[in-house]
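Pulled from TrEMBL:
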type	residues	note
COMPBIAS	1-11	compositional bias 'Basic and acidic residues'
REGION	1-24	region 'Disordered'
COMPBIAS	12-22	compositional bias 'Acidic residues'
DOMAIN	50-494	domain 'Protein kinase'
BINDING	LYS89	ATP binding site
REGION	586-605	region 'Disordered'
Amino acid sequence: MFYPDNERFPYELEDPIDDSDTENPRCYQKGGFHPILLGDRLGPRSNGRFRVVNKLGAGGYGTVWLCQDTHYKPSTITKWRVVKLIAAKKSTPNCPDLKILDYFRDVARSTLDDFGICLPLEHFWLTGPNGRHLALVFPWHGCTLGTIPDYYGFHPALIKDMAFELVESLRFLHLRGLCHGDFRPSNVLLRLLPGADEMPESQLEEVLSEPYKARVIRISDGKFLDELPSTERPANIPEYMVAPATVPIAWGLHTRHPVLIDLGVSFPFSQPPKQGTTGIPISFAAPEDIFRTFDNNSRRPLLGPAADIWSLACTLAHLRVARNPFQVDQADLSSVVAQWEECLSPLPEPYRSKYREIEDIETPLDEVWGDTPAIQLDPVVDPKAVYEGRAERRLATSGTRNWLKARMMRMRRLEVYPEAAKKMLKEEMQSDAKVKERLPFLEDMEVPNVSKEGMEVTMEKEEIELFWSLLEGCWRWKPEERVSIEEVVRHPWFEGRGPREIPKPAPWMVVVRTMWSFWDYVKSVSRGRVHCVREQEWSLIVMGRLPPVVAAACRRIGKFFFALFGSLTPSALRKKLVWDPKMFSSNPPGTPRQATEDAADWETW
């Protein structure tokens, strides 16, 4: 049964978990999340390959679980994987999480790892009481980037290393013609040390601590679901919900290498979202994303690689300064615009008119008649005098009118004092002889800009100017005026860290993987699914990655096949090829495909 938002849901948590990464009980209804309990086995049909041991997160997409791969070889090794279960209504054969894989068919897994791109290792389909769910299997990584500045902000070289690797990850996507669409600290994880995903379960329990469970109550009588008779327990909602766990920084299991995750809203440069936004939180969103602006001539959304550049700058500011200057606690548009105007300049057109329309603010007559030049526009949120007063106070105290520069000059206290961290390192190595590296990038490091009285950090004035020049180039109002990813990667703030060459795949690999993509298309159509590789996307995979003669031949072959099969309906295709659809399913005759998870639902990339 589905309960609309205006109708009360019959279940609630006994003790609500105070964490934004925990789902609402309302998510567990038709088309929503798959109910999971610790110890459950996940896999297609009776496979049960992945044993659930802890929860790592949740969001609008679904839930993320840490699982043991019970089929891993050799069986003497415990292998930990991450399984992301997508909500049923978002689980389709052509959903973005699967579709994005087609753009990396010709890329070796080692290359993706080198450039910090995290894609599913494999996927399967799981049918439950709330519908049919897509399950994605990932490697296990550590904490998000958001926790780093408060711990390691005292070491600028380390921060720059991480920042540069992030830029390289985004550059890798942009060179393949893709926008990430949701670039922010929570979508960047730190890799764990080699072998961490094979630690014994006893050590894992010590690292993550015991999962916290919040029991679910039936509102009508106040009874806990786990106390009800099995015949009365609802199948669509779990008996309890689990608070997300993460690997604490203090364990020293993290490396300094970030990994970019969640490419589910990524899109090609030529195919921006029709709605004009990717749904990225407004604190990290570019103006053209928030106001959903379109090109006046083509009426296409203005979203593109420049929106990623804006989000990248917000992420870099968070990493180096421990604060995104446009960060707000809630989705408060006026607060974000006020921060923009204080840090940059008054909001220009076309965003200015759209903001006033959203906030129902009357436009002054001098702007209506064009009497005020754009350079003399007043802020649209707070009066100009307010901004001027703040700027004058900053000038008197910090020597700059710029809000973010003043923030960089301010001393801040961090969470870890270096002497304490080194002491922790020594104690850990003495207590556990098996652990060779604890807090690996704290040992024997120089600690600049730290006072003896406390863990307080400031930036040098020369670095402040360099860093601001990088951010300012990324935060220009017009997308076409922002710097490109190639300009970012060569910016002097990175102190000579040059871009790495991206290895080109062998021509035969491109051909094989491209034809593999086409086979996926034929297979999906024969199963009655929407095809996952369109003709233009298939051509994009080939274009520019093969010698001209080979590329031309591949394009001709592709056009022939798409002309032959591309416009056919599933039934027409089956008749044309004289294929038996039962060859793709192990279901008994008359059994609906959606009612079971069969072996054909297991696919590995």
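Positions of Cβ are set from backbone N, Cα and C atoms, glycine also.
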Using all protein chains in view, find how many other C-beta atoms are within 10 Å of the C-beta of the residue listed as 'ATP binding site'.
-> 13
In the domain 'Protein kinase' (50-494), averaged pLDDT is 84
When DSSP states are folded down to helix, strand and coil, where does LYS89 (ATP binding site) land?
-> helix
